[in-house]
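Here is the structure we will look at, set down as structure tokens.
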Amino acid sequence: MGVEGCTKCIKYLLFVFNFVFWLAGGVILGVALWLRHDPQTTNLLYLELGDKPAPNTFYVGIYILIAVGAVMMFVGFLGCYGAIQESQCLLGTFFTCLVILFACEVAAGIWGFVNKDQIAKDVKQFYDQALQQAVVDDDANNAKAVVKTFHETLNCCGSSTLSALTTSMLKNNLCPSGSSIISNLFKEDCHQKIDELFSGKLYLIGIAAIVVAVIMIFEMILSMVLCCGIRNSSVY
């Protein structure tokens, strides 16, 4: 016997929320893949300074995001099917998956909050090491290539950790082509550009996580209400 009245409204409301959840999973998966293959981050995080690769903490978060997006699409489909079929078993499984996903999202949010400054800090340290090697050693071709990639990708020049007045002559050939010594002195600091690059992407991820968390809370409530409604309707 199918559900009636308010429970039937909850059934279709849950279906709509699950469809939105499925779409959100697709959007998160798409955004994560875009962040993974974004030319700016790819150019910088694929670099190597000698035997030392660029910090990959950012990519760890992206891989987690890809997995979350894929799981969300599966769970959203499961919720849609469970709601239409009025299956207590499927709805119970759906609720359990939501609880696990919500716990993982909270854990990922805590990890992201703790590491939000560390990601940019690690990249800036990597850049500073390459810049110091390139300035001190004329034969440090690998370091020069790393520095040039940073400068061309971010359209910046140099770091505040080195004096612009004492190193402008040495940095001139490392800055974007066409830059003069005078313009390089006033070009934006690479540390600031690195902060802007990663803070913008982390802000986007944070907004997406909050929206998904709100949807998940509503879905957990609706799935339990619908499950109870199905159980009560089967009694009568």
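Here the Cβ of each residue, glycine as well, is placed from N, Cα and C on the backbone.
Model, not experiment: these values are computed from the prediction.
Copied over from Swiss-Prot, here are the features:
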- Glu219: cholesterol binding site (BINDING)
- Cys156-Cys190: disulfide bond (DISULFID)
- Cys157-Cys175: disulfide bond (DISULFID)
- Lys116: site 'Important for interaction with integrin' (SITE)
- Lys144: site 'Important for interaction with integrin' (SITE)
- Lys148: site 'Important for interaction with integrin' (SITE)
- 1-12: topological domain 'Cytoplasmic' (TOPO_DOM)
- 34-63: topological domain 'Extracellular' (TOPO_DOM)
- 85-89: topological domain 'Cytoplasmic' (TOPO_DOM)
- 113-201: topological domain 'Extracellular' (TOPO_DOM)
- 225-236: topological domain 'Cytoplasmic' (TOPO_DOM)
- 13-33: transmembrane segment (TRANSMEM)
- 64-84: transmembrane segment (TRANSMEM)
- 90-112: transmembrane segment (TRANSMEM)
- 202-224: transmembrane segment (TRANSMEM)
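Among the recorded positions Lys116, Cys175, Cys190, Glu219, the ones whose Cα sits within 10 Å of the Cα of Lys148 (site 'Important for interaction with integrin') are Cys175. Taking the C-alpha positions, the distance from the residue listed as 'cholesterol binding site' to Lys116 (site 'Important for interaction with integrin') comes to 29 Å. Nearest neighbour of Cys175 (disulfide bond) by Cα distance, taken over the recorded positions Lys116, Cys156, Cys190: Cys156.
For Glu219 (cholesterol binding site), the count of additional Cβ atoms within 10 Å of its Cβ stands at 25 [all protein chains shown]. For the pair Lys144 (site 'Important for interaction with integrin') and Lys116 (site 'Important for interaction with integrin'), the C-alpha distance works out to 28 angstrom. Counting same-chain residues at least six beyond the ends of the transmembrane segment (13-33), those with a Cβ under 8 angstroms from any Cβ of the stretch are 62, 65-66, 68-77, 79-80, 83-84, 204-205, 208, 211-212, 215-216, 218-219, 222-223, 226.
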